[in-house]
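Comments concern the structure below.
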Amino acid sequence: MAYTAKIGPSILSSDLSQLGRECERMMECGADYLHLDVMDGHFVPNITFGHPMVECLRHCIGPDPFFDMHMMVSRPEQWVKPMAAAGANQYTFHLEATTNPGNLIKEIRESGMKVGLAIKPGTTVEELGPWAGQIDMALVMTVEPGFGGQKFMDDMMPKVSWLRSQFPSLDIEVDGGVGPDSIHRCAEAGANMIVSGSAVVCSDDPRSVIALLKNVVSEAIQKRSLDR
Ligand code: DX5
Ligand code: ZN
């Protein structure tokens, strides 16, 4: 089985005036990667930051941490090259935001980044299916994108299960309301890349929360490989 459990804190809920320090803190606490939420105020009703901030973060924390860019933007084509130049490792765009996913996948690859493809709660997983063979990671949103701290949508889990059954070695990420209370559902369904914002960042003990999330997912992966 090619995939492993990875925990990627979302720094959206952290002290944004200390973003570099917060990213370092998450890596020190055992994060496997960083999930960076880019919002443009059009695709979602919120604004965060763009590639200049990513470039500064990259300089601040060095070349190693993996940046998964969650692009909640209306024109994802526009930011591929700037994000690659800024030091992004993976470019995760929304299927709903483009009319030509195939071309965008190609552009992301040519710019040297990995490809993530995200779907909002209202988008069926069958719409993502045709592209799954061409991407590195599928992101199943478990809240409406736009804000941290929302309630986990359990009814998204059949999408994860379907993807895992169809694409046994694909990286599958969940994002939104994921923490110690919901991680078992995500792990059982087959998710292996876990975004957690407020549950990790706002915890008094982020190291323990990250370790707990990772253990639950690792055990589910192990169990699935024994069942096969
Ligand atoms: C929501 C973002 C998430 C968010 C997750 O639109 O994509 O990454 O920060 O935060 P929590 O885990 O608090 O829901
Ligand atoms: Zn996100």
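Every residue, even glycine, has its Cβ placed from backbone N, Cα and C.
Curation plays no part in TrEMBL annotations; they are all automatic predictions.
TrEMBL names HIS35, ASP37, HIS70 as divalent metal cation ligands; from the candidate set ASP154, ASP155, ASP171, ASP175, the record adds ASP175 to that same site. Look at the Cβ of each of the binding-site residues GLY146, GLY148, GLY177 and count the other Cβ atoms within 10 Å; the largest number goes with GLY177. Each residue contributes its Cα atom, and for GLY146 (substrate binding site) and HIS35 (divalent metal cation binding site) these two points are 14 Å apart. Nearest neighbour of SER10 (substrate binding site) by Cα distance, taken over the binding-site residues HIS35, HIS70, ASP175: HIS35. Taking a Cβ distance under 6 Å to any atom of ligand 2 as the criterion, the binding-site residues SER10, GLY146, GLY148, GLY177 reduce to SER10. Under the three-state DSSP scheme, HIS70 (divalent metal cation binding site) falls in the strand class. Neighbour density for ASP37 (divalent metal cation binding site): within 10 A of its CB lie 25 other CB atoms from the protein chains shown.
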